[in-house]
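Here the structure comes first, spelled out in structure tokens, and everything after it is commentary.
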Amino acid sequence: MEQELRSTPSWKLDKFIEVYLLPNTSFRDDVKSAINVLCDFLKERCFRDTVHPVRVSKVVKGGSSGKGTTLKGKSDADLVVFLNNFTSFEDQLNRRGEFIKEIKKQLYEVQREKHFRVKFEVQSSWWPNPRALSFKLSAPHLQQEVEFDVLPAYDVLGHVSLYSNPDPKIYTILISECISLGKDGEFSTCFTELQRNFLKQRPTKLKSLIRLVKHWYQLCKEKLGKPLPPQYALELLTVYAWERGNGITEFNTAQGFRTILELVTKYQQLRIYWTKYYDFQHPDVSKYLHRQLRKSRPVILDPADPTGNVAGGNQEGWRRLASEARLWLQYPCFMNRGGSPVSSWEVPVDEAWSCILL
């Protein structure tokens, strides 16, 4: 697949995305069907017979399925199970293992029922207190297996709508607990709906560009192995490049792709954040944000969780990815018809320290 992408002419990248990366309708329906089966199981029967009452307040689809950026053939989904039993972030950290254990037990038990035709293949975890339960789901009506990560989470946000922002007090509590526990970014799952909403309303073509960048990242991962920066960092970098460099619904895909790879090569200068869900207005949040933004670069703060620097702590991974990006910038997918390089968007690598409402 690497050969196909790098040798694709720049003016045919949209076609490449359409043919190789966009999931077809039947595939999407399969994944949706599998998710519905699992959501019903988690909400209605998983905790039905537990000794102590367990209340699932909601099950939220996260990851690429939730954001609408799934790649063709990549049938995976994150399901975040919000439990009213958790009373704090620390409580989630300490008790998530017991709920994962219960979900695992119920998956095994339901398989014994003859009328239940869905099969679960649970992946073993060696961690004593795992963040997620990973398994594969298969069923007669599905064309292929679907991989799931189920993550128990504290329902700190309650009801979330597209147009309302969290109370700043939620972030002050988050920051306080993360500092006392030394667990920055540990509770990002609690903000899954905000992460999803941040991307969900974006233009279709931007989501296609995200798919292209994710595909490129997967090719790099196959070639380079670990360590690499997290894929989410590349997704956010793509959104940032589009917002600051173009921002229109229709754009040149090759120019956008080139811009993102150039930003990867400048990783040591990156300092990126958004003020959509949190900002500098609350003194405690402002103090913490300034501290985060003074950290060694690259810094890319999760737009939903200020404690999560999704680009941090992996200089070697960025160095290796940047080296690969420099190679790719010489390939035909970044050349015009006459052989000259495709131009890139003008994008600052360092976001100004001001309250930017996007």
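Backbone N, Cα and C define each Cβ position, glycine as well.
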Per Swiss-Prot, SER64, ARG211, LYS214 bind ATP; matching candidate in GLN195, GLN201, GLN231: GLN231
Given Swiss-Prot lists ASP76, ASP78 for Mg(2+), the same-site residue among ASP14, ASP29, ASP149: ASP149
Overall pLDDT for the region 'Interaction with dsRNA' (14-61), taken as the rounded mean: 83
Among SER64, GLN231, the most crowded of the binding-site residues [Cβ within 10 Å]: SER64
Pairwise Cα distance for ASP76 (Mg(2+) binding site)/LYS214 (ATP binding site) [Å, integer]: 14
10 Å Cα neighbourhood of ASP78 (Mg(2+) binding site): matching binding-site residues from SER64, ARG211, LYS214: SER64
